[in-house]
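Read through the structure below, which is laid out as structure tokens, and then see the notes.
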Amino acid sequence: TRLFALPQETLVGKYGEGTKLIYELQDQGGELLALRYDLTVPFARYLAMNKVNNMKRYHVAKVYRRDNPATTRGRYREFYQCDFDIAGQFDPMIPDAECLKIVHEILSDLQLGDFVIKVNDRRILNGVFAVCGVPESKFIPACSTVDKLDKMPWEEVRSEMVGEKGLSPEAADRIGEYVQLHGGLDLIERLLQDPKLSQNKLAKEGLGDMKLLFEYLTLFGITGKISFDLSLARGLDYYTGVIFEAVLLQQENEHVEEPVSVGSVAGGGRYDGLVGMFDPKGRKVPCVGVSIGIERIFSILEQRLEASGEKLRTTETQVLVATPQKHLLAARLKLISELWDAGIKAEMLYKKDPKLLKQLQYCEDTGIPLAAIVGEQELADGVVKLRDVATRKEVRM
């Protein structure tokens, strides 16, 4: 557990409403610890502790959340994330654009079907709240409610804002005019001309950067899958600028009655203040990063394989060493040892006298393409019979 456990105060206060999902470990010999909730906060802590100002890294590891599991949707309490982060002081939006390019490339290469990457900026959102008359103390609660717009209609979001979060109905209506907008460069231009928003310093900065980001994304040739979406809020407190989330639009196999909605498969953004929280002198290191939900993606791939009846090959084994008669374990062990020493990926069944049919069936089940067969005749002739499992052709060598 020590590998994943951090002092509780390291995690608390970084995740907004997510804090209630932190896995706390009750008193561990006098220490209050918690399991890591993501890979971003530990990364920021690492940069601060080691005084690193400049770093580009990826990290695949487990994280933990006291969530309600929904395994069909790839939602677990213990799951893998793959993070990619760029830390350092650079010119605006260049690393941010690269992070989006990487998400686009990964989701395209995995062929998961149609997807969209929603992009917004915390500063634009805060500007919207300010011009709509939301007091600053209510920005974060309002933010986490707006973030639910992809799961529930505006009417429900509005009533939660007014009923639970204590916003005035007028403010909620004004917010509604903005957060239901989405588009591209044209929308950014329109908002830059908006009489209320353009007066707000934060929103103006955010929109200026968003325009720059879209120019870079156009050069990368990926704007077709990117949507500037004012409802995107991402519930985490540590974001300071650009935020993004990749969403799968629908399952490819249309003949399934209910397309399985897995929602978000990747998310990220800019968190320029997080490293400073861990630095004794408050030294800041600007960072931008992305996190990809591995189990989420696996659950989609598994459902697609199941629907298509395809078999996924889970091994790289090139050859199975097999014997057709009894009492030939020694011949198999000697041959497999030679193959291993030659750098060939080989396997054998862990039985003294397996039946040949069973060994060949194992090849078919796991997709091993070749079987190297040594029987008494082969041993006497000093040869090995190599069988192509799919075509059943054999050659002696």
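Including glycine, each Cβ sits where the backbone N, Cα and C put it.
Remember, it's a predicted structure, so these values are computed and weren't measured experimentally.
Quick look at what TrEMBL annotates:
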BINDING   D38, L39, T40, R65, Q81, D85, R234, Y238, Y239  L-histidine binding site
DOMAIN    58-324  domain 'Aminoacyl-transfer RNA synthetases class-II family profile'
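Under 8 Å, Cβ to Cβ, and six or more positions away along its own chain, R234 (L-histidine binding site) finds D147, I243, E245, G267, G269.
Scoring each of the binding-site residues (T40, Q81) by how many neighbouring Cβ atoms lie within 10 Å, the top position goes to T40. Other C-beta atoms found within 10 angstroms of the C-beta of D38 (L-histidine binding site) number 20, with every protein chain shown included. Max Cα-Cα distance over the annotated L-histidine binders (D38, L39, T40, R65, Q81, D85, R234, Y238, Y239) is 21 Å. Shown in sequence order, R122, G269, R270, Y271 are the residues of the chain, 6+ apart in sequence, with a C-beta less than 8 angstroms from the C-beta of Y239 (L-histidine binding site). Each residue in the domain 'Aminoacyl-transfer RNA synthetases class-II family profile' (58-324) has a pLDDT score, and their mean in this model is 90.
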